[in-house]
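Since the structure comes first, as structure tokens, the remarks are kept for the end.
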Protein chains: 2
Amino acid sequence: MAKSTNTEDKILESASQVFSEKGFNGARMREIADTAGINKGLLHYYFKTKDALFEAVFKVAFKQLISRIQHILEMDLPLYEKIDLIVDTYLGMIMKNPSLPNFVISELNKDADRFIKRNISKKETQIFAKFIALVDQEADEGKIKRIDARQLLMNIISMIVFPVLGRPIMQVIFGTDNDEFKSLLLERKQHIKEFVKDALKP
Amino acid sequence: MAKSTNTEDKILESASQVFSEKGFNGARMREIADTAGINKGLLHYYFKTKDALFEAVFKVAFKQLISRIQHILEMDLPLYEKIDLIVDTYLGMIMKNPSLPNFVISELNKDADRFIKRNISKKETQIFAKFIALVDQEADEGKIKRIDARQLLMNIISMIVFPVLGRPIMQVIFGTDNDEFKSLLLERKQHIKEFVKDALKP
DNA sequence: GTCTATATCATGATAGAC
DNA sequence: GTCTATCATGATATAGAC
């Protein structure tokens, strides 16, 4: 990831970093400016308000979190291959950006309903309808056990995202240090794929 | 839940509510006082600082989120019964307090490492060791497929907690309104139990 | 475009009357 | 214990020089 030389991009990078760590309310314009190596005045020159800057950052983060899944859901692939692809790409992406899910989800939960209404379009419904059709079809063919496609996708995404999101909780429950937990996460791709396939066996 | 008449408890209730919704940085002492029906001065009379008040609230919330699981892990039960019990009690509790996981996890992620060190004791490790032994034993007896107990528990907790935590995300991916999603959650207890048992079949 | 200096406002916290 | 009034701080945002 090459550091931007352009000022606006430098601001967006720093803002993304600070907002992710501290959240909207915890982030300080001062800290964003310092991180970007500029002064506060210049922040407001590029982005009128803190809200505007946040919007710009959040939009990118949200898209980053959701677009890969949607893309894979749209592809023409047998179910098992699709599941493997989701697990590999999504868990990989999240382990590279472990603060991303917490950032998006925390902020989203502050004003969930408004956001949901703004972001559900026909497109989402159509993409997902395709996945439902695939699951039903493979069940018809006897390749997998019959299952509610929504519950199935929810299971998969949960098992991918939650361990990273809830790492502190899990470590306390397990009584596990950072290193041991990290190795658990590394084994997780393989584990989830097998677990889901076992659950789907007809 | 009877409203407290005692002032300190009234403060704690209001603080819990406001902190859960807004987080530490978003919460205002002013709003907490208003919600409790008292003035700001009195807040500081009972709890010297905002930090102190937060600590008191967070402690309870964290315990609420983690103690049930630990309690069930400690019980003497066959694995399947234990799993059913975890799913039923935990999902029930979280659906009654949907903002609880987001609150605890968001705040925890702000300073994860310090917290983990403070909260891992021998006790946690011992409780969890018992669960590992149970899983291994039932695998030895051929009752279930051999599996890493840590991954198994992580799967179960993920599937319980994440859908409530990441509801906004899931609704956008599904293109689903609040009512439909709620009915999905209601079916979820049964679904998770079956899904896990299918995955564990030898 | 970039900086410094300043205006404006809201918040957490305190002091002191009752 | 409870209230009102006030302080001190630190934040966003703006104005204006360069």
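Numbering starts at 1 and runs along the chain as displayed.
Each Cβ is built from the backbone N, Cα and C atoms, and glycine gets one as well.
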(request) Look up DNA-binding region in TrEMBL and report which of B:28-47, B:48-67, B:68-87 it refers to. (result) B:28-47
(request) Using a Cβ-Cβ cut-off of under 8 Å, list the residues of the same chain that are 6+ residues beyond the ends of the transmembrane segment (B:152-174) and lie near it. (result) 69, 83, 86-87, 90-91, 94-95, 98, 101-102, 105, 131, 135, 181, 184-185, 188, 192, 195-196, 199-200
(request) State the non-local partners of the DNA-binding region (B:28-47) in its own chain: residues 6+ outside its ends, Cβ under 8 Å from one of its Cβ atoms. (result) 7-8, 10-11, 13-15, 17-18, 22, 53, 56
(message) Looking only at the domain 'HTH tetR-type' (B:5-65), what is the model's average confidence as pLDDT?
(response) 97
